[in-house]
Every structure is written in structure tokens, then in C-alpha cells.
Amino acid sequence: MIKQDQRAERHIPVLLQPVLAGLMPLVGAKVIDGTFGAGGYTCALLKAGAEVIALDRDPHAISAGQSLVEEFFPRLRLVQMEFSQLDRVVEEKVDAVILDIGVSSMQLDEAERGFSFQKDGPLDMRMAQTGFTAGDVVNHLKARDLARIFKILGEERYAGRIARMIEKRRVVQPFLRTGDLAYAIEALIGRKPGDRIHPATRVFQALRIYVNDEIGELARGLFAAERILKPGGRLGVVSFHSLEDRMVKRFFSFRSGECMRSRYLPEIKTAPATFFPLFKGGITASEEELQQNPRSRSARLRIGVRTEAEALAADMKLFGLAEIASFEGGKK
């Protein structure tokens, strides 16, 4: 297993400087890093003098982070837990929460975890290594259900064609490897020379989100952060695709009282604002960062500042994703 310090050398957390500037961690500030991963944000927060509770559902991340715990003892506590439960790890409210949504670099780098089509491995994709795998989904769900997953969670334009191909081919040979699935999708859809995005990208995204219930996890995590932040506390969320970013944008919009209005609909009465958003439109990577860290290309940071108002009820309808709310994802 790769040690934490070795990972830190190769791992560059995206939008690190905007995250630190936005969260403004003071010496002694209590911060929750809900997505520890390779420890990039946590390490930077600790160096700024903060006290950090870092969560990750991936046991590999927790194991690899023990050297960091020793280095920064007693200011770092690592907990194997989903970030949707972050309000259960402290009794007092905190100064900041940071969430880096999606798959981590170290998960993508390890072929045996089955997250990447660029490195052949078992069709797994489980962050916590419990529950059903991506292979289970691909080999057992009906084509209409696969198409729904690919279309909604991956925003894949060829969702139906890909789902029907999978249903037909798995009768002869089940999909067991990431390379098998990626090759089959590329053979079906085709790929023009110079195409930067592999045709299997959105399908792999959709499967990963479904297997790990990432949409439900994000929604519950936003509500949990609202409950646990002090007045003036800051919530930062880094997302990597439009579905996640729309959820975060909508959350801050509704919680700030600036919900999407329409001249065709009656005015919506809103509760007292629990957040006000910073940096309208969010923050994306600078040209300098893009050159140093290409992974930051699709990243967007949104930050909200907690008000003194009481936390509001957790209502999934807020996100306008009724068709997604029925997905149980990794809870099966």
C-alpha cells in the first residue's frame, strides 16, 4: 500500500488556494473535511493552524492517512464515515466544512478499485467496498433501468443504445472488467481521432454515482453541514460535473432566499435565509492551475456563509430532482 506522504507528493488538491481563501481557517478553527481522500485539503488546513476532523468512507484512505494523524496529533482526527453523517462526529458546531465531491485521485489511480476505464481492472467502483458492484449493475439490471441511470446520472445522449447493447452482449459474456465495458462502448459509439473525451466517460460516471449513492450522499451532506455550522461558518463544495454543481447551486440559492423565480409562476415564500453565497457563479481554476493540474479543468467551487437562522428541514424536493430521488444507489 502507498503511504500517505507518498500520495501527498503526487496528489494536488484542486482549487486549493481558493478553498483556503474562502474558508479562512484561523488558528484553532474547527473544520470538517468530509472527503479526506489523499489528504490534500486536510494537510493544508492543518498547516494553517486549524483543528480538523476528516471523514472518508473508503477504508484505504483512512489507513493511508494514519501517518498524517501522527504528524499533526492531536489536531487531526480521522473517521471512516460517509460525509452525509458529518453532524454526528461533533457535539459543538464548527467553523467550516469542505466537501470535494466524487472519486478521488488515489481511487482512480488504483486499477483494482475499478473506477477508471483507462486502467483495466475489475468492474467494482465501490468507495466503501460494501454493497453491490458496478459489475452487478451492468450484468443484472434491465436495459430500461440501465438507460435511466446513464441518462440521468451520466447525462449520456446514447443511453438507450448503450443499455441495449449491454443487455444483449452480457448474455454471451458478462462484463467483468472495466476494459471490457469501455471497449464495447467505444466500438458501439465510435471515437473520432483527437476526441479528448472517451465515449465511455459518462457511463462510468453514472455507474459510480449509482453504486455509491453519490446524489443522495451530497444532498444529505449539504443538510448536515447546515445543521453543524456556526453562524458565520463557511461551507465549501468542490464539484466536477454539472449534475452535482446544479445541486449545490440550487441548495445555496434556496437557502439564501434567492430561489429560481419565474414570471410564469407565483412568487414562492421562503423561510429565513440560512446561507448567503460568496463568489456568484462559483470559482473555477486559473490558467496557471490548469497547466499544473489538468484534473482541475472541470472543477467548480461554491462557498456559502452560514447565517444565524435555524437550520431548515431536509427536503430532497429542494433539488428539483424527483426522478433521481427514487434512486437508492448503494443503499441496496
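Cβ atoms are placed via backbone N, Cα and C, with glycine included.
In three-state terms derived from DSSP, Asp56 (S-adenosyl-L-methionine binding site) belongs to an extended strand segment. Summarising the environment of Asp56 (S-adenosyl-L-methionine binding site), the number of other Cβ atoms within 10 Å of its Cβ, over all protein chains shown, is 27. The S-adenosyl-L-methionine binding site feature in Swiss-Prot is assigned to Gly39, Gly40, Tyr41, Asp56, Phe83, Asp100, Gln107; the stated evidence is sequence analysis.
Neighbours of the S-adenosyl-L-methionine site: apart from Gly39, Gly40, Tyr41, Asp56, Phe83, Asp100, Gln107, residues of the same chain with C-beta atoms within 8 angstroms of the site's C-beta centroid are Pro13, Asp33, Thr35, Phe36, Gly37, Ala38, Thr42, Ala54, Ala61, Ser104. Proximity of Phe83 (S-adenosyl-L-methionine binding site) to non-local residues of its own chain (separation of 6 or more, Cβ distance below 8 Å) is seen for Gly34, Thr35, Leu55, Arg57, Leu99, Glu217, Gly221, Ala224, given in sequence order.
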